[in-house]
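Right, one structure below, let's go through it.
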Amino acid sequence: MQPTTPLVLCVLLSQVLLLTSAEDLDCTPGFQQKVFHIDQPAEFIEDQAILNLIFSDCKGNDKLHYEVSSPYFKVNNDGSLVALRNITAVGKTLFVHARTPHAEDMAELVIVGGKDIQGSLQDIFKFARTSPVPRQKRSIVVSPILIPENQRQPFPKDVGRVVDNDRPEGSKFRLTGKGVDQEPKGIFRINENTGSVSVTRNLDRETIATYQLFVETIDVNGKTLEGPVPLEVIVIDQNDNRPIFREGPYIGHVMEGSPTGTTVMRMTAFDADDPATDNALLRYNIRQQTPDKPSPNMFYIDPEKGDIVTVVSPALLDRETLENPKYELIIEAQDMAGQDVGLTGTATATIMIDDKNDHSPKFTKKEFQATVEEGAVGVIVNLTVEDKDDPATGAWRAAYTIINGNPGQSFEIHTNPQTNEGMLSVVKPLDYEISAFHTLLIKVENEDPLVPDVSYGPSSTATVHITVLDVNEGPVFYPDPMMVTRQENISVGSVLLTVNATDPDSLQHQTIRYSVYKDPAGWLSINPINGTVDTTAVLDRESPFVHDSVYTALFLAIDSGNPPATGTGTLLITLEDVNDNAPFIYPTVAEVCDDAKNLSVVILGASDKDLHPNTDPFKFEIHKQTVPDKLWKISKINNTHALVSLLQNLNKANYHLPIMVTDSGKPPMTNITDLRIQVCSCKNSKVDCNAAGAPHFSAAAVLLLSLFSLARL
């Protein structure tokens, strides 16, 4: 609050609408005294005269009417200003508006020592500063018109008058502007003969605060004689709008343990009334607090700014001891500077007491027990903790760490996000024969750091004792996988290797038997007692069961436990190639035209299932014993291809040419394949091989296909 100081003498803002003639210039219409000063009393008493006002319109004060800016006062017919009720504070300034059909004026009452207000009606009635009371003859005399908003019936009401002392006989007044002949039309009108201005309906200052009109005089033909002269209509504000909170929802947060006076949030309301008057001067207060524990006054709101602050000690803002960490405040905003007659509006402020990490997590017990079978993995025990902080925050969420007893990293611990428990898991299978017992030391912390005056104590660590149970484990092959290399085509019954499997359950002294688990080609057998693996069929590297020269088989080792346990071992046999596959040629069919100028017939390629060096370079030959030497020729192109060509044109017919191809193996292998050649009739771009009794292939197409195959090599 600003300290109260006496008000500086204010200059009255007044204006008089004149209906005077040249003979009335010696009389000045209006209040004889414009400004009054009185000291602020302890209380204005109802119906007790405060002062007397003297107003004259120089025409007998017919139909004199007074209006006071405060609803708590009135002016009697004799000019005495009285209070309508006992009241202590009304602000620093009152205005009294007097009006007759001939004149109007404004007087100002300055209350020395009155409470400060946001503004005054002087800001609205500023026309008085620039429009002194006329004291000389002039033509059109126009003064601003003041009209209170929300006037009641009946309408129209006379609100002012325009005077033209030199108006010619037969001339008329004309009123134009927004509110007359412009939207909103028809609000104001003027008596064209007398100049009386009237309003036809009630006004709303919040819709339009001022109207800019224009007055002129016209002759009988409508021609302007004088003007237009501006006429301002000012709508006087009434307190007809409640404060409203427009920015909700209003949610504030304050950390638990915050110092007294901590600002939580600000709430401001809006009042559509004139901000220069008490009608829009708001004051705030807290109407209700829910819950009302531990104090019914946990918060305070600055009545002028709307700032909500804490007013209790930090100890009472302990989230863990509050019944509910959420408070709801009903905030009231009241205009008229909070006076009883002011209009009110309310809104709800929700204040959350936020948690800080002022409680460390504690294990519910110092020692936990767990049991797990050897070889098993997964969660073996859930460690429980207590934490008084907010479960929705990092001040409550736990983070667990194994700080001792886990050298082999066989254990891991993770937080269950729903329960905050520590889920201790085995991630590497445990071996009973190596260690039947394990002891872990585990600590728990929060995700968020603790506040400075809180630390982790002994209750933030716990011991977990783990007992490993012995189970019948399956035998283990060593090595796994087992690998041998042999030539393909070794004799049936050849021994490949003897497998070796051991039982991890060394204390149980069990026996082991062997069997074949997967042998895709059916080539192998195993001795069930000693594990000797031998062949039962010829091993073929080119078999579809062999991949990249490796054949894979699986064997089982079964112990004598109850129930028995099984182990699986893998045998990888790498097969060395021998030259056991003869090469073959492609294609085996070709055609050529009987009148071809190019005597090339086909390019032959050769392939071999064996591996190098049992494949190329290949040797291509025509089997001499059955074919005349003078018709065909074969020429080497590269290590894998050769060209077959004619030595002369042949008649249309089918020919069989035996081709002999030999690989480079030691010893080499040879294959003889008949190449069927069709000699066709080729006339007018048509190939006819029907007489040759062969399918329709052109020599060019076969040759092109062969060249494509050659290019891919």
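Quick reminder: no glycine exception, Cβ is built from N, Cα and C everywhere.
Feature annotation from TrEMBL assigns compositional bias 'Basic and acidic residues' to 158-172. Annotation comment: TrEMBL describes 147-245, 246-363, 364-477, 478-585, 584-697 as domain 'Cadherin'. Marked as region 'Disordered' by TrEMBL: 156-178. The signal peptide feature in TrEMBL is assigned to 1-22.
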Tally of residues which DSSP labels helix, strand or coil - the domain 'Cadherin' (147-245): 0 helix, 47 strand, 52 coil
Counts of helix, strand and coil residues, the domain 'Cadherin' (478-585), according to DSSP: 0 helix, 50 strand, 58 coil
Structural state census, the domain 'Cadherin' (364-477) (DSSP three-state): 3 helix, 53 strand, 58 coil
Residue distribution over DSSP helix, strand and coil in the domain 'Cadherin' (246-363): 9 helix, 48 strand, 61 coil
